[in-house]
């Protein structure tokens with residue numbers, strides 16, 4: 001019998017459990033997130049992590065709540081003015097979910113980096129908002145060397161900016177959109193071939209004929225097609241139309257010679273493209289197999305790469321060039337008995353393949369002196385059912401992005417083919433940071449400074465472009481606009497960015513879905529966004 005607490009939790013988190021499952025929720029509840037600066041953007045991010053039940057969070061902020069903070073931050077009130085910003089925000093955020101533990105550190109990140117940089121290495125992930133460039137570079141370096149993920153978030157006027165910094169992020173459950181079914185009709189495994197041979201469409205009662213699964217129907221007519229075309233699978237549009245006609249001819253006729261209403265045959269005709277999907281290993285999986293980390297297994301090799309290597313060995317041996325069978329089939333018109341039998345054929349093959357991969361895993365673990373049980377059966381099943389969708393994301397460090405010799409000029413210059421591309425906003429953010437470094441403030445923070453700062457900001461932009469050897473032109477309109485922003489943090493933009501950033505944090509923690517690589521820019525002016533590898 002299920003425990004009452006567990007039932008309540010399932011009810012509370014029902015919708016998200018459908019997205020990332022029990023194991024994803026467990027990862028979320030075990031995570032400790034660090035937020036640097038309780039700004040409007042920062043508290044919006046935490047709000048979207050506290051509500052789904054993040055384990056715990058710590059806010060680092062040495063600032064006191066100002067009137068401006070209370071005006072643009074939903075989690076700070078007039079009564080908060082004068083209090084430490086981290087403490088005030090933490091108290092309000094904790095009210096959202098009693099399952100979540102919150103804490104705060106009343107100190108600036110600069111002081112912590114000076115006195116105790118290892119402090120940041122205790123967290124699952126660090127989220128930094130509205131930090132100065134110099135502080136970001138120091139923080140990013142500490143976390144990069146400790147392999148702690150860092151998400152930089154910034155709201156600047158009508159611009160939203162995010163940067164993910166993570167050395168390597170492997171994903172087993174990438175949840176691709178419109179994933180193709182794994183039916184293997186072009187390369188039927190022996191158990192499937194034997195099951196298909198048990199059907200004889202030409203000598204069936206009408207009831208059985210109209211309740212035969214469409215997978216069986218397509219397989220039967222595919223065998224007939226092979227006989228007529230020397231084993232060539234239908235590929236072109238015309239060939240697939242001819243194949244559909246061949247299936248259509250198999251629909252039973254009534255006593256008047258008119259076709260019967262057989263929905264399963266119509267379903268088969270609609271699913272020709274799905275069924276004739278070629279069984280092959282995606283190039284992205286081949287890249288993983290050829291990666292040095294997959295080839296060279298040691299005692300320190302992470303679980304993902306041991307699983308990937310076992311998968312590679314399965315493909316070379318038992319799989320005969322193919323990945324493990326996924327073991328699922330779509331819903332279809334069929335009687336329960338026929339559907340379940342067909343479903344079991346795929347399920348049993350999937351179990352058999354998973355067991356074979358498991359044997360390779362055990363041998364690999366033993367070869368590097370690790371216990372065979374150190375990788376669970378659950379992890380093994382997840383790998384096999386998602387073997388076609390594995391992903392590895394590797395981001396560049398912030399030091400590489402900012403380095404004169406390592407800056408990704410090609411990405412910036414090619415994006416500037418369109419003078420209004422979102423990459424312009426990135427260039428402007430770099431320019432305002434240079435402005436701050438030179439003048440100790442951001443451009444246009446006071447109304448009387450807007451006009452006089454236009455020339456100064458343009459000079460900073462020109463200097464930045466020249467220093468990095470970027471032969472691109474930025475419209476003056478953008479310089480004027482960024483001066484008018486005055487480094488403001490509008491709550492509408494902060495709220496949007498908070499939702500987007502929390503989504504990426506959850507992806508990193510649960511290791512499900514695919515994070516962007518590595519920079520995301522949102523334009524509130526044009527309501528568009530783009531990602532770049534910088």
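Cβ from N, Cα, C; glycine included.
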Labelled region 'Interaction with UBA3' by Swiss-Prot, one stretch among 331-344, 345-358, 359-372. Can you tell me which?
331-344
Could you put numbers on the helix, strand and coil content of the region 'Interaction with UBA3' (331-344), residue by residue per DSSP?
9 helix, 0 strand, 5 coil
What three-state class does DSSP give residue 211 (site 'Interaction with UBA3')?
coil
At a C-beta cut-off of under 8 Å, are there same-chain residues at least 6 beyond the region 'Interaction with UBA3' (331-344) that contact it? List them, or none.
195, 208, 211-216, 263-264, 267
Which one of these recorded positions, 211, 341, has the sparsest Cβ neighbourhood, judged by other Cβ atoms within 10 angstroms?
341
Rounded Cα-Cα span from residue 341 (N6-acetyllysine) to residue 211 (site 'Interaction with UBA3'), Å:
13
